[in-house]
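See structure below.
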Amino acid sequence: MTETHNDPEELARRVASLSAQNERLAQILVEARSKIVGLQQQIDDLAQPPSTYATFIRSYSDGTADVMVQGRKMRLTSLPAAMVSTARPGQQVRLNEAMAIVETMTYDHTGELVTVKELIGTHRAMVVGRGDDERVVNLAGSLIGRDGPTIRTGDSVLVDLKAGYALEKIDKSEVEELVLEEVPRVAYEDIGGLSRQIDTIKDAVELPFLHPDLYREHGLKAPKGILLYGPPGCGKTLIAKAVAHSLAQTVGQGNNTPTDDTRGYFLNIKGPELLNKYVGETERQIRLIFTRARDKAAQGHPVVVFFDEMESLFRTRGTGLSSDVETTIVPQLLAEIDGVERLDNVIVIGASNREDMIDPAILRPGRLDVKIKIERPDAEAALDIFSKYLTPDLPIHPVDLAEHGGNAQDAVTAMGQRVVEHMYATTPDNQFLEVTYASGDKETLYFKDFSSGAMIQNIVDRAKKAAIKGYLSHGTRGLQVEHLLAACDDEFQENEDLPNTTNPDDWARISGKKGERIVFIRTIVQRKGEGKNPTPAKAIETPHNTGPYL
């Protein structure tokens, strides 16, 4: 009989148990060793001295590089030597305790914001910082493309003044407002009621681009600018956009390129946007506008610089009616228009409803050569404008369609005629104002005397809204002529209290009623169905010698 400890099966179990214990101990030992290595690495990391960062300038074939360290220019060794061969000027590099380059980093994203005043060659620029302090800085590699610098005069850039590098272009909201926008697709055919003015603009603007040889042969220059003046809401801005679009097409035809691919640019400048409390800031922005315009024009693109509300910026100098900031703003615009640098492919268009307040030096021939009055639409022009908004593709009420044999075009044409007849009728219901002139003569003005393209568009929009509400209420779809007539009456009633009776002479200039001075005004609107009396007359006292503030 054998002993238990000599049993082979028992020995095999003990061997297997000891092997498992050995494996567990080996695994624990490996884990302990890795933890010791990790802790040792942490100890080594904590014991390392802090790294220094520098700005890379240039590298050399021997593996050294020039860097700027805290305002000091130094030549250091790179580890490895080939690492700095791919670094670009202005880039950050990391240095070890021995002042050797051990790693290349990205560009710094913080610094001082300055404005580019002038580019010097392909790798430097003159910039203006706080307090008009001028500095010359190098351009980082991120600002230099294949064809040269990717920045231009007027751009805001981030600079590291200690290293002397411009690092990044920053798009400020102020500059974004002045960025050239592409021309909207507004054609002359989209404008109603201004055919005569459009013909005048075509002769003044398009002929020099279509027939430059004839102009040179006759010693004639293209006009530098156009002034569009007239009452509000009559299409001045719309015409300016159409001019830009037409110029782009004309230049495209002259270059034998498809007109759809021809890009024109329209820079819409609203006068109050440029006004700034800091002396010289408005003039700087005007220079920036024309610099951007010249850049695009030099590439063969036509550029329209449109000044809306022109009288707010370029008011007559020396009148004492404002803070007299125009004493320097007006000469700046004149310098840009008449300056040494030619404005080829650039045309200046100004729009104003108070052209009498614009400085005469701007309006003289040779600057704003063409002056076009945008008048209020008469009945024929109003019908043309209605045809732009009342189109056959609109849902028409079955009753109106039936009256014209189901022809949608005839139906909308008849609608336009009905509402125009209603608008331009000289009936007591359409009487608006009674004005008294300085001579004692009186004149009754009707709502038709104050119509505009914007008013006509608003009437159509009101009618469309009424048609939608009618469909939701009664389930009958379509636009009716009654909707248009009711919208016209609502538009008239809303305008009843709008005339400015405090200073009727200024109001008359803005509204387009020029002529003899108005001294007395009263509204005589008859409100239908309300039984209300006309607004009582109100005398107007015009003060004299009130000083420059009234």
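Cβ from N, Cα, C; glycine included.
For Gly233, Cys234, Gly235, Lys236, Thr237, Leu238, the entry in Swiss-Prot reads ATP binding site, with the evidence type sequence analysis. Per Swiss-Prot, coiled coil is recorded for 9-48, and the stated evidence type is sequence analysis. For 528-550, the entry in Swiss-Prot reads region 'Disordered'.
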Exercise. Counting every protein chain present, what is the number of Cβ atoms, excluding its own, within 10 Å of the Cβ of Cys234 (ATP binding site)?
Worked result: 28
For this session: Among the binding-site residues listed here (Gly233, Gly235), identify the one with the smallest other-Cβ count within 10 Å.
Result: Gly233
Exercise. Of all the binding-site residues here, Lys236, Thr237, Leu238, which one's CB has the most other CB atoms within 10 A?
Worked result: Lys236
Problem set entry | For the coiled coil (9-48), mean pLDDT (0 to 100) | 84
For this session: Excluding Gly233, Cys234, Gly235, Lys236, Thr237, Leu238, please set out which residues of the same chain place their CB within 8 Å of the center of the CB atoms of the ATP site, keeping sequence order.
Result: Leu228, Gly230, Pro232, Ile239, Ala351, Ile374, Ser452, Gly453, Ala454
